[in-house]
Amino acid sequence: MQPKVPLGSRKQKPCSDMGDVQRAARSRGSLSAHMLLLLLASITMLLCARGAHGRPTEEDEELVLPSLERAPGHDSTTTRLRLDAFGQQLHLKLQPDSGFLAPGFTLQTVGRSPGSEAQHLDPTGDLAHCFYSGTVNGDPGSAAALSLCEGVRGAFYLQGEEFFIQPAPGVATERLAPAVPEEESSARPQFHILRRRRRGSGGAKCGVMDDETLPTSDSRPESQNTRNQWPVRDPTPQDAGKPSGPGSIRKKRFVSSPRYVETMLVADQSMADFHGSGLKHYLLTLFSVAARFYKHPSIRNSISLVVVKILVIYEEQKGPEVTSNAALTLRNFCSWQKQHNSPSDRDPEHYDTAILFTRQDLCGSHTCDTLGMADVGTVCDPSRSCSVIEDDGLQAAFTTAHELGHVFNMPHDDAKHCASLNGVSGDSHLMASMLSSLDHSQPWSPCSAYMVTSFLDNGHGECLMDKPQNPIKLPSDLPGTLYDANRQCQFTFGEESKHCPDAASTCTTLWCTGTSGGLLVCQTKHFPWADGTSCGEGKWCVSGKCVNKTDMKHFATPVHGSWGPWGPWGDCSRTCGGGVQYTMRECDNPVPKNGGKYCEGKRVRYRSCNIEDCPDNNGKTFREEQCEAHNEFSKASFGNEPTVEWTPKYAGVSPKDRCKLTCEAKGIGYFFVLQPKVVDGTPCSPDSTSVCVQGQCVKAGCDRIIDSKKKFDKCGVCGGNGSTCKKMSGIVTSTRPGYHDIVTIPAGATNIEVKHRNQRGSRNNGSFLAIRAADGTYILNGNFTLSTLEQDLTYKGTVLRYSGSSAALERIRSFSPLKEPLTIQVLMVGHALRPKIKFTYFMK
């Protein structure tokens, strides 16, 4: 766990626990909450917003009676809504707009919501008819986003004025959607509150007390798997998130492919109590902001966040325990959420990750400055792909994006292994441990982009390849149009807080009122105002700037990316023996913006280089050299042991880990992953001509050329047909005790295999294989000391694979040519049964 620093100076009341899920039953009460959530899903984000500060808002309101009718004739899908208010008539022309709502989308609740019936059901089919968008009074610069179920709810704006409408409190509401016969709807008129918001001028200035402001950080804890250490020179992903199953490692490497993160959002009782009927809209608003961050080109990948399920918990005792202990809450939630996930990725309700939102004040191991927690690199691990977010206002969208970054294997930007990539700009991106300000032009750091790209290229995101059947499309309404500055302050500092007037930070930092020592003060959590918050007459805050609403097209029109030209070939990874070099292209022709699509297809090409033989280095393999470079590590791990040397370990290493530098301490037996990747061009294993490229094993020929089909024949001739090969073989038995020669295999021999099968198939019956070098020293099982386990022996650059003396079939194998001769022996101990030893090898 890494230390966290708070985003602000005050947090909210603790949350309750969560309960088990029941599919909601059909009722108007639950529809209201669901519609609010989905309506606010249409609100776009803070996207890299730098914040806003503006003048106080002037609001007035009237009680209105909406008049709803369907347009006649061929334009039957059009619905018209008339409102008489503020001395004028407002005519809204609306079209159905439920594209953001997936038919497979579900809302579930745990326990009963206050005042509800025993069960709730939110039928997606009904909800699909609720949502509309359109214009006002025919003004092309106007916009409206409304739900017409259970009354009229939503917002619209016209000529610099913003309007918010909802059913009047205490007035029974019915469905107003056009699906209901007009005469039935008009027979039950419903009063609504229509609020109009305009910008005022002037206002009293509040004093800002420095000691009221906590550090400007977006610090969030997470538990990190430190099994592998990343080198500063070459940051690489941990393999905490394993591929989803056998054969799932990507065949197409360095390819930008669209990824879809199907997500379940969970809100506990503290969230339900605080946000009430607006909870679901609020959740989707936060998520839409986070989703836009993942659409920014600085992440260098095509990643789409999609909501497939929302779960609201009303009875705490039925769910996981949510406490101030962030780590324990994460563990509880991860364990609990599994029961609600379908194991089949084809199920529309299957999700790849789960997020819990709570108003609980989360604490780390030392302080309560924690805002979120997630495991690292777990996106395709159903048991650990989850995160916990403390809701402290709309800035929780930043926390959501940050914690999902950890799930995607991103470390903090100030981590040591990010220093070489980030330079001095590591505190202005989403993965900063202390976010003082966000670089809206590049919300993701170079390290974050590198880590997620490497993570996906190494096959750890295969569960994200399936495109959702019916994704929820996140519309483009800005959150500030529905949550003004006062409401944003209430989300963050409580219901009594309001926006501080005339703080000199327009569109950069949200300052809110509070009290300290009986004095009225301004306080901040150093986050910006939401995009769409008014910053003057006819102006909005967008990405930290106050812009004219007439210029919004520049910010709202998506621009899809396209690949630029291929760059020059880079340096070869090796000077001899077969290296790898790369050429790359960028998604910059043009760079995608405003949520446009990131480029898809191959982003990196690689080829073989410097394939000529290397000078003899005392018969050492290239992997041996890499292990020996870490010999100084022995002093740190084994005290002052001067004799510890690192040698390559092949036996017992998983095929997917062949391109990690796994080395064994010679004579001790301990082994470690000393580097997460070997140098490009290193052979994957002694018995293969395939080579490692960026931590993955790729096919290569015996000529050291990637994708070559050439193979060694039996006697080690590259591309040969075996016509020059001579097979040598024999069968030997022995009965005398002690060491006895079986065969001396000459230098140049290839495809060596020695098999020792005991009589009657018994094991450990007193006879064992041994290997002696040309100088008389023993390589294996000498001096009456046995190696019982499988291991690889390196002899003058040749790797000999030994089964272990405890195997029923004791065997020695080697595939590359011997550099020097060696002698195979048998050791007879006590009253051993007569062994049967068979050997074969090939010579030119």
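If you go along the chain as it appears here, the first residue is 1 and each next one adds 1.
Even glycines carry a Cβ here, placed using N, Cα and C.
Given the structure is predicted, the values throughout are model-derived calculations rather than measurements.
As recorded in TrEMBL, the features of this protein are as follows:
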{"type": "ACT_SITE", "residues": "E403", "note": "active site"}
{"type": "BINDING", "residues": "C206, H402, H406, H412", "note": "Zn(2+) binding site"}
{"type": "BINDING", "residues": "E262, D345, D466", "note": "Ca(2+) 2 binding site"}
{"type": "BINDING", "residues": "E262, D345, D352, C463, D466", "note": "Ca(2+) 1 binding site"}
{"type": "COMPBIAS", "residues": "214-229", "note": "compositional bias 'Polar residues'"}
{"type": "DISULFID", "residues": "C334-C386", "note": "disulfide bond"}
{"type": "DISULFID", "residues": "C363-C368", "note": "disulfide bond"}
{"type": "DISULFID", "residues": "C380-C463", "note": "disulfide bond"}
{"type": "DISULFID", "residues": "C418-C447", "note": "disulfide bond"}
{"type": "DISULFID", "residues": "C489-C512", "note": "disulfide bond"}
{"type": "DISULFID", "residues": "C500-C522", "note": "disulfide bond"}
{"type": "DISULFID", "residues": "C507-C541", "note": "disulfide bond"}
{"type": "DISULFID", "residues": "C535-C546", "note": "disulfide bond"}
{"type": "DISULFID", "residues": "C572-C609", "note": "disulfide bond"}
{"type": "DISULFID", "residues": "C576-C614", "note": "disulfide bond"}
{"type": "DISULFID", "residues": "C587-C599", "note": "disulfide bond"}
{"type": "DOMAIN", "residues": "259-468", "note": "domain 'Peptidase M12B'"}
{"type": "CARBOHYD", "residues": "N548", "note": "N-linked glycosylation site"}
{"type": "CARBOHYD", "residues": "N721", "note": "N-linked glycosylation site"}
{"type": "CARBOHYD", "residues": "N765", "note": "N-linked glycosylation site"}
{"type": "REGION", "residues": "1-23", "note": "region 'Disordered'"}
{"type": "REGION", "residues": "177-253", "note": "region 'Disordered'"}
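A simple way to gauge crowding: the CB of C541 (disulfide bond) has 31 other CB atoms within 10 angstroms, across all the protein chains here.
Mean pLDDT across the domain 'Peptidase M12B' (259-468) comes to 90 in this model. Mapped onto three states, the DSSP output places the residue listed as 'active site' in helix. Geometry remark: C418 (disulfide bond) versus H412 (Zn(2+) binding site), CA distance 8 Å. Distance between Cα atoms for C614 (disulfide bond) and C463 (Ca(2+) 1 binding site): 42 Å, as a whole number.
Summarising the environment of N548 (N-linked glycosylation site), the number of other Cβ atoms within 10 Å of its Cβ, over all protein chains shown, is 11. Looking only at Cα atoms, N765 (N-linked glycosylation site) sits nearest to C380 among the recorded positions C380, E403, D466, C522, C541. If you check the binding-site residues D352, H412, C463 against C380 (disulfide bond), the ones with a Cα inside 10 Å of its Cα are D352, C463.
Long-range C-beta contacts of E262 (Ca(2+) 2 binding site), restricted to its own chain and to partners at least six residues apart, with a cutoff below 8 Å, comprise V306, V308, H350, Y351, D352, T353, P468. Cα of H412 (Zn(2+) binding site) to Cα of C535 (disulfide bond): a span of 33 Å. Same-chain residues with CB within 8 A of the center of the E262, D345, D352, C463, D466 CB atoms, the Ca(2+) 1 site residues themselves not counted, are Y260, H350, Y351, C380, L464, M465. Note on proximity: of the recorded positions C368, D466, C599, the one nearest C500 (disulfide bond) is C368, by Cα distance. Here the C-alpha separation of C512 (disulfide bond) and N548 (N-linked glycosylation site) works out to 24 Å. Straight-line distance linking the Cα atoms of C334 (disulfide bond) and the residue listed as 'active site', rounded to a whole number, equals 14 Å.
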